[in-house]
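Below is one structure, written out as structure tokens; comments come after it.
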Amino acid sequence: MSYLQDDKPVTLFELGKMRAEGRKIAMLTCYDASFAALLERNGVDVLLVGDSLGNVLQGQKSTLPVTLEQMAYHTECVVRGSSRPFVVTDMPFGSYQESPEQAMRNAARLMAAGAEMVKLEGGAFMAETVRFLVERGVPVCAHIGLTPQSVHQLGGYRVQGRSEEGAARLKADALALEQAGAALVVLEMVPAAVASDITRSLSTMATIGIGAGADCSGQVLVLHDMIGVYPGKKARFVKNFMEGAASIDAAVAAYVAAVKDGSFPAAEHCY
């Protein structure tokens, strides 16, 4: 079976162009070759090999137990199944927090597995590490707001940036990460007005929202959430695109269309 597509690959340059032109970026998590091919043929721009695999594939209560080798393995699977989408891989907990050198060593492992960018969590305090990686040829996606690897420190899965002080801190984090060279930043569970202000304040870095309103440069959801395969209570920012869809292909195509035309997220998915 060949998964190869004729479409021109999405590059970091193209993502920057999309941001500048106001064209929305559609991202979904992906963990294997079959879904990588499915997401590709339905127009997903970016595949995020997320450490959320700990939750949705392994049944873990958090992302913390996920290992670097597991992330590399799933990256290899996704890359085999796709050719057009840009592939971003999460750096798992404990693989980058110690030092920029540790981050570089482990980012190199993920890049060798096929990642085109690595994602790491944290605000301005991670700027030194981001700069270290970017200067050495590793594109970086930052992640602020609700950062799942810090769930215990944050006291659970809570909206971040509700207070004036919290909103100002998130904006300062985003600006510091942009200055350090991050090309993308995920804004998770952030009030829509705060995410909109952050997006407008940035010069080059694209914002990818998950529970952060419709004004971000793009959107991301966990694949399993988007197709209604999730245990327990559905998060407010999730829409089940399988409802009314004839197939998973149709659901993914509907998600991409809704992101592109700005109809997702709607008000009921925002904080």
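Just so you know, the numbers here start at 1 and follow the chain as drawn.
Placement of Cβ uses the backbone N, Cα and C atoms for every residue, glycine included.
Keep in mind it's a predicted model, so treat the numbers as computed, not measured.
Record note: Swiss-Prot gives Asp51, Asp90 as Mg(2+)-binding, and the candidate from Glu14, Glu21, Glu121 in that site is Glu121. Listed in sequence order, the recorded positions from Asp90, Glu121, Glu188 having a Cα within 10 Å of the Cα of Ser52 (3-methyl-2-oxobutanoate binding site) are Asp90. Looking only at Cα atoms, Glu188 (active site, proton acceptor) sits nearest to Glu121 among the binding-site residues Asp51, Asp90, Lys119, Glu121.
Local packing around the Cβ, expressed as the count of other Cβ atoms within 10 angstroms, is greatest for Asp51 among the recorded positions Asp51, Glu121, Glu188. There are 30 other Cβ atoms within 10 Å of the Cβ belonging to Asp90 (Mg(2+) binding site).
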